[in-house]
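J.: Handing you a structure now.
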């Protein structure tokens, strides 16, 4: 059953009153067929999915927004709640259905659906249940929107992005995981907080796995264009490596802290994913640390693997990976991060 957005068929017998309400001007031409209609679909209307949907709407990123979830009552409730805010939002058609046909013609499909870990459940078993869930999600998305970009947000995001790539049979440039885009934002915030500057003036990346083996690229950090570590060395300003490690650990632990305090994360990932959607659909060609097909980069050659690297994003998806110079230590940590993901991937047998 499909739940559509607002309709102009108010008249008796479903008469389309829009034809009577508006009178066309003389000598007018029909709407241009070249005007691009942007459609985004979000699968999963939990806390994360709705934070993403709400941010997409407020930032006016789509002409049409389709919501999909297996729970029809909650799905309809969320759709109506968003529709009732129409007077305060940019014009966007909002539809919802448990049937994936509602996603047809999407430019971007965002997947947030995922199983929650049961008490005492192993990470591998949870992963297997999420793979089974994706097996019901990705093929119909690919069928109805064969030219779309897939953006995976469900965790563990690197492994599930790989699984989505295999299930969709899409070219690798059109399958992306949200990866460490949010981790990097947290990283920039913490550095900015330490130095009392605006986080937008901090250039800093977390790469690798979205998880415990992520890698902080300290050698590339700059503030207002000034490389931080080389500046400290030239000025003979001492710093302790443990201080840097503590900041990175705080990045890794920050999501757990939010979950412990409020039960889940939502707003930051909502803004992060909307930021990615803007770069992709508006062809912004910005650099984002997201989970991409990483084989062949920085000596990663143990198998097909997705992990976060600074990627150049645009309307075609991943346009390339930034050739950032890393230290030997950073390269080694990145390779170990890839090996960690591949080890679990091999256990999965997918």
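Yeah, the Cβs are placed from backbone N, Cα and C, and that goes for glycine too.
The domain 'Lactate/malate dehydrogenase N-terminal' annotation in TrEMBL covers 38-177. Sequence annotations record features per position, and here TrEMBL assigns NAD(+) binding site to 44, 45, 46, 47, 48, 49, 69, 130, 153, 154, 155. Per TrEMBL, domain 'Lactate/malate dehydrogenase C-terminal' is recorded for 180-344. Per TrEMBL, active site, proton acceptor is recorded for 210.
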J.: Mean pLDDT across the domain 'Lactate/malate dehydrogenase C-terminal' (180-344), rounded to an integer, is what?
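T.: Averaged over the domain 'Lactate/malate dehydrogenase C-terminal' (180-344), per-residue pLDDT gives 91.
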J.: Looking at Cβ-Cβ distances, which residues of the chain lie under 8 angstroms from residue 44 (NAD(+) binding site) while being 6 or more apart from it?
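T.: In sequence order, 68, 69, 111, 112, 113, 114, 154 meet the Cβ cut-off.
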J.: Residue 46 (NAD(+) binding site) to the residue listed as 'active site, proton acceptor': how many Å between their Cα atoms?
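T.: Rounded to the nearest whole number, the Cα-Cα distance is 21 Å.
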J.: Provide the three-state DSSP residue tally for the domain 'Lactate/malate dehydrogenase N-terminal' (38-177): helix first, then strand, then coil.
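T.: Helix/strand/coil tally for the domain 'Lactate/malate dehydrogenase N-terminal' (38-177): 68 helix, 26 strand, 46 coil.
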J.: Just to verify a number: CA distance, residue 155 (NAD(+) binding site) to the residue listed as 'active site, proton acceptor', in angstrom, no decimals.
T.: 9
J.: What's the CA to CA span in angstrom from residue 48 (NAD(+) binding site) over to the residue listed as 'active site, proton acceptor'?
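T.: One finds 16 Å between the Cα atoms of these residues.
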